[in-house]
Amino acid sequence: MAAALVLRGSASWLRRQRRVCVGSVAMVSSRAMASKTAVGFIGLGNMGNPMAKNLVKHGYPVIAYDVFPEACKEFQDLGSQVTDSPADVADKADRIITMLPSNANAIEVYVGSNGILKKVKKGSLLIDSSTIDPAVSKDLAKEAEKMGAVFMDAPVSGGVGAARAGNLTFMVGGVEQEFDAAKELLTCMGSNVVYCGEVGTGQAAKICNNMLLAISMIGTAEAMNLGIRLGLDPKLLAKILNMSSGRCWSSDTYNPVPGVMDGVPSANNYQGGFGTTLMAKDLGLAQVSATNTKTPVLLGSLAHQVYRVMCAKGYSQKDFSSVFQFLREEETL
């Protein structure tokens, strides 16, 4: 699942904050760094779990929630407080990070009957690290603003390995005056935290990145499959690609061919990592955005179709690099 996080300090800290008007709305202009006050985290799935653990490692008390109670047990064992709903997280923390799988999940967590905004405190900072439609992020920001809270979108790149290592890249959209307050927390989980602009621009950067990633992974899988069928040893071919102009992240860091690299999903029957269903979802978001902006994305559209077919053919729970296996098995393509 995914996760959410709200920012706030002690009563005396809050009194020190000054507010400025952005349009007709009072916004937090200067946030003193709250020293290790509680952080809410909603969504403890493959990505959210290691992200929340890194907050704990940096000394932040985590108040956790996940729709699957078993996902919270590990944090309960670590001494974290576990709640019964997103609203309860907002009642206990004024900095919240959410890490959720879809538009529908994000909408439910924020504005549902037991959502964050039912009990959110004024001045809270809400950081959504889910990958969702930029338009949904903008709508959630407006709803948070009505409650006196600040919403920022901060989707991530890097995968599960980077989440464990604390090396994620965060693409952040929202009120620029709040960026430093968000960065305080995000740097506990990532090595790159980039401000992109207004709310929704973080999501825009993320879906562009993932569209390119999908295209490059399919291209790597096709090239490796062709080379193997032409008699090349896959390790040798990968070595050549990675010292040549075809080199890319999909070939040198996340190679899709079993036996070429250790520590990647292709070495573990494509388990773990970034699921095919999630890649298909992100490519769908890119398609919607391309349609809305009348942008031609020919290869992006083809990649979307490939991953949708993979989901229908039993690959939905496998890592998206399983496109190599899919190509090997689909002789009729």
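Every residue, even glycine, has its Cβ placed from backbone N, Cα and C.
Bear in mind that TrEMBL entries carry predicted annotations, made automatically and left uncurated.
What TrEMBL says about this one:
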- LYS206: active site (ACT_SITE)
- 37-65, 100-101, ASN105, THR131, LYS281: NAD(+) binding site (BINDING)
- 39-197: domain '6-phosphogluconate dehydrogenase NADP-binding' (DOMAIN)
- 200-326: domain '3-hydroxyisobutyrate dehydrogenase-like NAD-binding' (DOMAIN)
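Here the domain '6-phosphogluconate dehydrogenase NADP-binding' (39-197) has a mean pLDDT of 96 out of 100.
Using a 10 Å Cβ-Cβ cutoff, LYS206 (active site) registers 28 neighbours. For the binding-site residues listed here (MET47, VAL62), the lowest count of other CB atoms within 10 A around the CB belongs to VAL62. Rounded to a whole number, the C-alpha distance linking ALA52 (NAD(+) binding site) with LYS206 (active site) is 21 angstrom. Taking each of the binding-site residues THR37, PRO101 in turn and counting other Cβ atoms within 10 Å of its Cβ gives the largest count for PRO101. The 10 Å shell around the Cβ of ILE42 (NAD(+) binding site) contains 36 further Cβ atoms across the protein chains shown.
LYS206 (active site) is 14 Å away from PRO101 (NAD(+) binding site) when you measure Cα to Cα.
With a 10 A radius on its CB, ALA52 (NAD(+) binding site) counts 31 other CB atoms from all the protein chains. Its Cβ taken as reference, LYS57 (NAD(+) binding site) is surrounded by 12 other Cβ atoms within 10 Å in the chains shown.
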